[in-house]
Amino acid sequence: MNSLAHRRYLKMNGLGNEIVVLDLRGTQLAVQPREARAIAAAARSRFDQLMVIHDADRPGADARVAIYNADGSASAACGNGTRCVAWAMTHDPAMARPHGETLVLDTDAGRLTAAAAGEFAFTVDMGEPRLRWDEIPLAEPFQDTRRIELQIGPIDAPILHSPSAVSMGNPHAIFWVDDPDAIDLGRIGPLLENHPLFPERANISLAHVAAPDRIVLRVWERGAGLTRACGSAACAALVAAVRLRLALRRAVVTLPGGDLEIEWRESDNHVLMTGPVELEHDGVLAPELFAGAA
Ligand SMILES: N[C@@H](CCC[C@H](N)C(=O)O)C(=O)O
């Protein structure tokens, strides 16, 4: 039998970004990409991201978190999922453990911290944005990632062009548009996600700066497709807008699923994301899920 069978999970969401939280602390288990795909394919445990909590392996951390997209690929960052993990580690009767007021979580993007901002809301310190072309990464050495050369559509009337590029530990391209709803992101998203300019693929955002303190955003997520919200994309969009002098360092980012408050703090260059979480149900992973996992 698959070693993940019968393990309990939480089905949560962060602004409609569908998240499954699995706690593997106290075991040596790790999730394989095919297992992540099998969990995502089941209606009850459907997810955009699977957040797996492991025992901390570095001093000072409460846990290590591994992140998988619905297609089984790994991501180093997931803002909405990190808030869900923070809720689970502080409120779920089986997952909560005693710890300080601030949770310390190690991810492949580095050390993050999360603190309660209400019973069902958390602020996550998402760390520093990475802005150099080879950190994002891009396939070409752009000196200025505030606007990179990329366009789709006819040369003289492109549908989208000149995105900003930012990494929040994961790669983001942000296209500036008048109306994010006017563009067929479901059709264009997969083409851009897999564009040769992004050697590790990219999360693709359409952003409109409605006011210096409000950005409207839609996101096609790498490895998950159209989602109702993406926390790291909201952080990346605010950083990109500030770099272009379009927004203030603190703004509300409105996604189809709702609002996130984002601040790019001047004092330490860190990006803070505050938003809600919701618990939908808990369940156990049925052994049948993994029968054909390939
Ligand atoms: N939903 C997430 C981002 C998840 C990872 C992304 N799809 C990637 O592969 O980089 C968020 O809230 O940040």
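Note: Cβ is positioned from N, Cα and C throughout, glycine not excepted.
Mapped onto three states, the DSSP output places Asn203 (substrate binding site) in strand. Within 10 Å of the C-beta of Asn203 (substrate binding site) there are 30 other C-beta atoms, taking all protein chains into account. Marked as substrate binding site by TrEMBL: Asn17, Gln49, Asn69, Gly79, Asn80, Asn170, Asn203, Glu221, Arg222, Gly231, Ser232.
Look at TrEMBL and you will find Cys78 tagged as active site. Sequence-distant contacts (6 or more apart, same chain, Cβ under 8 Å) of Cys78 (active site) comprise Ile19, Gln49, Met51, Ile67, Asn170, Gly231, Ser232.
If you look up TrEMBL, you'll see Cys78 marked as active site, proton donor.
The Cβ of Cys230 (active site, proton acceptor) has Asn17, Gly79, Asn80, Asn203, Ser205, Leu217, Val219, Glu221, Leu255 as same-chain neighbours under 8 Å, each 6 or more residues away in sequence. The active site, proton acceptor annotation in TrEMBL covers Cys230.
Asn17 (substrate binding site) carries a strand DSSP state (E or B).
According to DSSP, Asn69 (substrate binding site) sits within a strand segment.
When the neighbouring Cβ atoms lying within 10 Å are counted for each of the binding-site residues (Asn17, Asn69, Asn80), the highest count belongs to Asn80. Taking every pair among Asn17, Gln49, Asn69, Gly79, Asn80, Asn170, Asn203, Glu221, Arg222, Gly231, Ser232, the residues recorded as binding substrate, the greatest CA to CA distance is 16 Å. Residues Asp48, Ser75, Ala77, Cys78, Gly81, Val219, Ala224, Thr227, Cys230, Ala233 surround the recorded substrate site, their Cβ atoms falling within 8 Å of the Cβ centroid of Asn17, Gln49, Asn69, Gly79, Asn80, Asn170, Asn203, Glu221, Arg222, Gly231, Ser232, which are themselves excluded.
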